[in-house]
Amino acid sequence: MKVISLNVNGIRQAADRGFFEWMVRQNPDVVCLQDIQADERSLNDSVFFPPEFNTYFFDSMENPEQAGVAIYSKTMPKAIMTGMGFPECDFEGRFIQADFDKVSVGAFLTPHGSNHEEALQEHKYRFMEGFKNHLIKTRRKRREFIFCGTANVARSPIDVSSWFVNQRNSGFLPEERKWINEIFNEMEYIDAFRQISKQDKQYTWWPDYERAWKLDEGGRLDYQITTPGLKDLIQGGSIYKGQRFSDHAPLTMEYNID
């Protein structure tokens, strides 16, 4: 199973930059998109609905031009689930899940925090807590899961440029790193990409200005988080930097799952 995840930061912009043509060429089984920033009903161009894929969107109820997630899959899922049962997720279109025979694949989008606006950072913390509780419940289920998405948190110093300075910034605050490392350590979920690469500067996001991209000053804010049973089925992975579809880069992982 080949799974691609990308925060498109606006699906129309990503389409204009050639994302869907690239996506089809990769021949993935499942694609998880975050930060759609569009009402599905407003996407009239066929480019958004490649005939090879079944397509499922979960838009923000509060503002369809913000947030939103989507799943594209070659195989029709047995079921689609939206939301995780708390308002910061469900009203804002921040989680969708497709259930297949042997695995469930979800797309999630953590809100941006802020160094200057306490309300935005608190909003992020509430989502983080709700997502963590959802993962606790998921561990009790007798099936495997892959959660693809933007955590908006870099896990360790090798996952962010200028790490010492960034300890004061949302996205690398000590309490944020504690949260994500609890998921991978105490809760025993798997950081799929780190199973195949331990190198530094494996970033998936760069500030939206050209200098950051050229100097490779960014952070690894995007993950494929799997249940422990999939650890030995991870076959490979990569972060694609050949084209810029967004301020994030596509994260592709391959699993030995039929």
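Placement of Cβ uses the backbone N, Cα and C atoms for every residue, glycine included.
The annotation domain 'Endonuclease/exonuclease/phosphatase' is assigned in TrEMBL to 4-248.
Residues or ranges marked as site 'Transition state stabilizer' by TrEMBL: Asn152. Within the same chain, residues at least six positions away from Asn152 (site 'Transition state stabilizer') with a Cβ under 8 Å of its Cβ are Thr110, Pro111, His112, Gly113, Lys124, Ser170, Gly171, Leu221.
The DSSP secondary structure for Asp222 (site 'Important for catalytic activity') is strand. For Asp222 (site 'Important for catalytic activity'), the number of other Cβ atoms no farther than 10 Å from its own Cβ, over all displayed protein chains, is 24. If you look up TrEMBL, you'll see Asp222 marked as site 'Important for catalytic activity'.
TrEMBL lists His248 with the feature site 'Interaction with DNA substrate'. Listed in sequence order, Leu6, Asn7, Val8, Asn9, Thr150, Thr204, Trp205, Leu221, Asp222 are the same-chain residues at least 6 apart in sequence whose CB falls under 8 Å from the CB of His248 (site 'Interaction with DNA substrate').
Taking the domain 'Endonuclease/exonuclease/phosphatase' (4-248) as a whole, pLDDT averages 96 in the prediction.
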